[in-house]
Amino acid sequence: MDATGFRRLWDQIAATGRADSGGYLRFSWSAADLALREWFDAQAAERGLRVESDRNGNRYAHWDAGTGPGVLTGSHFDSVPHGGAYDGPLGIVSAFLAVDELRASGFAPQRPIVIGAFTEEEGGRFGVPCLGSRLMAGVVDPDRARALTDPDGTTLAEAMRAAGADPDALGPDPERLASFAAFVELHVEQGRALEAPVGVASAIWPHGRWRMTFTGAGDHAGTTRIPDRRDPMLTFAFAVLAARKEARLAGGLATVGRVEAVPNATNAIASQVTAWLDSRAPDEAVLAEILSGFTAKVKDRAGRDGTGFTIAPESETPIVEFDPGLRDRIAALLGGAPVLPTGAGHDAGVLAAHVPTAMLFVRNPTGVSHAPGEGASDEDCAAGVDALAAVLRDLAC
Ligand code: HGY
Ligand code: MN
Ligand code: MN
Ligand code: MN
């Protein structure tokens, strides 16, 4: 694969869902998502691949060859709000190019090769990450999923119906899982940890997201004396600082990147603040230490502020250690590619509990992700395609 060939296909979707910020607004079941699905179908048709959707809205392009369970590769199209171009789509574009490379070499797979596009991986619209793969794996309740709402109050069920999909079909899909012999997800690296063009994932850090609700007494900003206030924004501000401090002390990560205030008025003391905590750590013990220290300190502060504080998990992912045999086989196949963990969640982290799974990382020179500055060079992306083709060849013969 050469960089020009990668760029040619990459540029076909570069403008889809891009905002003035340079980031992407690719939310599941939105117009941008439907356009990307159409692009996916057109790419599949160009290659004579059989396209289908599963009951959970994940899409597949099948290279029907050989017999038995297939080798799945792919990733997701959706982004966080104003996210980067590569997180997700790189794995899908690379999969099509890897199939091209295998076919151009005359390779005849002994088992099917399937390109997959998972829906709502980021949880950027409906709040639960890896929703499509989690529904397939039976780890998210379909009724809960159907009722999930986006920031405008639209439910997943309504969004799917508007897109011509059937939300009543949502549910576990063990047959689909059993149809995969392995899953390899290629993904842009999202830290600053990969010095070589391509790396292999060893693990996904345990991580989760928690919904926090701070309650107090709404009142007038100009007439309410300080001692008379029960201001949830104050406890919220303390919580943001406490999250950072607990994480730093424990050796993990904690982020508060999303907040909603009621009534969200400049001249009114808030009556309620809702915010989300994202925390991740190298192991479960550190993550538990962050959460317990944080929760205790914020509860204590709420008591002193006269406000209410509740925290509830929205999604939690235990540590994922990828199949060491597959991991080492791939690293060796790629000439001793670096092996490294990631703090980012992926559909591969969900499927790893059901299917032998591996991840390939493509170098991200800025290390920036979930922001417009996310990037990867065409040369490294082309190297990623070559690596993916080599891995698919190895697994499908
Ligand atoms: O949030 C994550 O770790 C992933 O990008 N969904
Ligand atoms: Mn992401
Ligand atoms: Mn991703
Ligand atoms: Mn007034």
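Start at 1 and count along the chain as shown; that gives each residue its number.
Including glycine, each Cβ sits where the backbone N, Cα and C put it.
Per TrEMBL, the feature Zn(2+) 1 binding site maps to H76, D87, H187. Residue density at H187 (Zn(2+) 1 binding site): 26 other Cβ atoms are found within 10 A of its Cβ, drawing on all protein chains shown.
Residues near E122 (Zn(2+) 2 binding site) in space but far in sequence (CB under 8 A, at least 6 apart, same chain), listed by position: H76, D78, S79, V80, G83, D87, G88, P129. Per TrEMBL, the feature Zn(2+) 2 binding site maps to D87, E122, H370.
Look at TrEMBL and you will find R209, N267, R280 tagged as allantoate binding site. A strand conformation is recorded for R280 (allantoate binding site) in the three-state DSSP classification. Of all Cβ atoms in the protein chains displayed, 23 besides its own lie within 10 Å of the Cβ of R280 (allantoate binding site).
Ranked by how many other Cβ atoms sit within 10 Å of their Cβ, the binding-site residues H76, R209, H370 place H370 at the bottom. Candidate binding-site residues: H76, E122, H187. Those with a Cβ under 6 Å from ligand 2, in sequence order, are E122. Between the alpha carbons (Cα) of R280 (allantoate binding site) and H187 (Zn(2+) 1 binding site) lies a span of roughly 19 Å. Checking the binding-site residues D87, E122, R209, N267, R280, H370 against ligand 3 with a 6 Å cutoff on the Cβ atom leaves D87, in sequence order.
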